[in-house]
Amino acid sequence: MKARDWLGVLPFVGMLGGIPFVNQVEPYVLGMPFVLFWIVLWVVLTSVIMAIVNRLDPATREEENNG
Amino acid sequence: MNIALIIIFAVLLLAIYSGIRAQKGKDMNMEQWSVGGRGFGSIFIFLLVAGEIYTTFTFLGGSGWAYSKGAPSYYVLSYIALAYVISYWLLPPIWRYAKQHRLVSQSDFFVSKYNSPILGILVAAVGVIAIIPYLVLQFKGLGIIVSEASYGSITPAAAVWIGVIGVTIYVMISGIHGSAWTAAIKDILIFFVVVFMGLYLPYHYYGGIQPMFEAVESANPGFLKFPDEGLSVSWYISTVLITVFGFYMWPHTFGSVFSAKNANVFRKNTVMLPLYTIMLLFVFFVGFTAILQVPGLKGADGDLSLLRLSLQTFDPWIVGVIGAAGLLTALVPGSMLLMTAATLLAKNVYKVMAPDASEMRIARVAKLLVPVISLISLYFTLSGGDTLVTLLLMGYSLVTQLFPALLFSLRPQPWVNKYGAFAGILAGVLMVAYVTVSKVTIATVFPDWPAAIKDLNVGVVALLVNILVMFGVTLVTRIIFVPSRQTATSEGSSTI
């Protein structure tokens, strides 16, 4: 596994591993209970992480050129 | 007939019309009908994959769970986003192999990888059995929407019949092309409807999202975080994992992977799709708003919360638009599910039994199976009473059992053989069936164990049994069969 593949583990760590530590209602962030905000935050971070993975992956560009 | 119903039926007709238009000028052979000639680019694949996610389950079940269970409903948001992460690495090799071998169905993949048509029959059977509760879920939702939007003048049973007939005709005529076009209309409509409702309702009743949550929290303390027991954090983690592994094991999702133009389509989609799941947030807002505004919906009736709240709040024409969006969320996935189940049965079961049947004949059998599967699902829809989420989770634990055998087939030198794959899948599925029928949970078997273990999704246990059997049987069959091969090679060459 390359370093960029390990990036794919991060969303799991944040969204699943983090929950026992943030399972609380307060403080409200953006109007949401904290645990819900945490999950939403990680959904957004997942997109960011996958954008980085796409950027780093040479396969993406190769297949682009091949059509 | 009220204005709400007129809007809903107009949209149904439009969907059928666009489905019929979409297949014009194309020779509808098996490859066109089921995988769109493998020519779909990013946007269509996006819509097909997203189209299967934003189903009636999201619309009614998501709000229904927020309404009746609270925080545990958040699991939906997590599993969908995480499933896309896995897809980045999982789908390109599947797509490449499928294209190389001209595969049409999920079962084909197992048949080809493990070189075993019998394994293909098992995989097809698991797929079709899992699809039935999923279809029931769509039909049930369809019935709820049409009957609620008619302000009670159409019974749920009659509504289900109307919807099922519509879907069946639609699938038989247009196959996957119709689904992709209707998915486009559906996604635009549902996006606006959900965002509008999710923002308007909390502001209308509470003056904002945070005041809404605060009101819910003060009426039901602890409702907005995971409970210590039952649907606890350990339930959440194990359920998300099970559903993430199962996500692409649905035969219709697996099949839609084949319709992509190239492997890059999936990689690009992993960036946008997680963001798209945020739409679910607005569905939750509606469910939470309904708690104090339409109290008293118990059990399966929780799924009605979104529509009941709409009826109480909006003019009939808005109810019609909401209902129409809901109808499409049932129509698109419903058509994909029907088509896939029919393809599996025709190609991977019927064809194995009747090897001489021509391509033409297989395609005709597939189309004729569509109404049969519709009727079976219709029967269960009209007889059962489970909530939408329960139905979905049951299907998921079934299809997840295909994951280990798939995963270990991806390497050029597979770690498991066909015997192991077959026995593992069978053991896992039997375990799920036993658990579903007998309603056993880890908590009922080991009442004294800590909650962290007791609350684990039972699907985890089935998956462990599956993997153990898979490796065990592989090992044993290797020991039995290998000695004869070893003598053959040692006679043939002296090297090594």
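Glycine is treated like the rest: Cβ placed from N, Cα and C.
TrEMBL does not curate its annotations; it predicts them automatically.
Per TrEMBL, the feature transmembrane segment maps to B:6-22 (among others).
TrEMBL lists B:43-67 (among others) with the feature transmembrane segment.
Residues or ranges marked as transmembrane segment in TrEMBL: B:73-95 (among others). With a cut-off of 8 Å between Cβ atoms, the residues of this chain six or more beyond the transmembrane segment (B:73-95) that come close are 53, 58, 62, 65-66, 109, 236, 239-240, 243-245, 247-248, 254, 257-258, 260, 262-263, 266-267, 269-270, 273-274, 277-278, 280-281, 284, 287, 410.
Under the heading transmembrane segment, TrEMBL lists B:116-137 (among others).
According to TrEMBL, the transmembrane segment annotation covers B:157-176 (among others).
The feature transmembrane segment is assigned by TrEMBL to B:188-206 (among others). Note on the transmembrane segment (B:188-206): residues 54, 59, 212, 215, 279, 281-286, 288-289, 292-293, 306, 309-310, 313, 321-322, 324-325, 328-329 of its chain, located 6 or more positions outside it, place their CB under 8 angstroms from a CB of the stretch.
Annotation source TrEMBL lists transmembrane segment at B:233-250 (among others).
When Cβ-Cβ distances below 8 Å are used as the criterion, the transmembrane segment (B:271-297) is approached by residues 46, 49-50, 53-54, 58-59, 62-68, 70, 73-74, 76-77, 80-81, 84-85, 190-191, 194-195, 197-199, 201-202, 205-206, 209, 212-213, 215-216, 219-220, 304-306, 308-309, 312 of the same chain, each at least six residues removed from its ends. According to TrEMBL, the transmembrane segment annotation covers B:271-297 (among others).
Summarising the annotation, TrEMBL assigns transmembrane segment to B:317-345 (among others).
Per TrEMBL, transmembrane segment is recorded for B:388-410 (among others). Residues 56-57, 60-61, 64-65, 93-94, 106, 109-110, 113-114, 123, 126-127, 129-131, 133-134, 136-137, 140-141, 239, 242-243, 245-246, 249-251, 303, 416, 420-421, 424-425, 428-429, 432, 435-436, 457-459, 462-463, 466-467, 470 of the same chain sit 6 or more residues outside the transmembrane segment (B:388-410) yet have a Cβ under 8 Å from a Cβ within it.
Counting residues 6+ beyond its ends, the transmembrane segment (B:422-446) has Cβ neighbours under 8 Å at 116, 118-119, 122-123, 126, 394, 397-398, 400-402, 404-405, 416, 453-456, 458-459, 461-463, 465-467, 469-473 in the same chain. Taken from TrEMBL, the feature transmembrane segment applies to B:422-446 (among others).
Here TrEMBL flags B:458-481 (among others) as transmembrane segment.
Long-range contacts of the transmembrane segment (B:116-137) within its own chain (CB-CB distance under 8 A, at least 6 residues past either end) are made by residues 55-57, 61, 105-108, 110, 250-252, 333-334, 337-338, 340-341, 344-345, 348-349, 352, 373-374, 376-377, 380-381, 384, 388, 391-392, 394-396, 398-399, 401-402, 418, 421-422, 425-426, 429.
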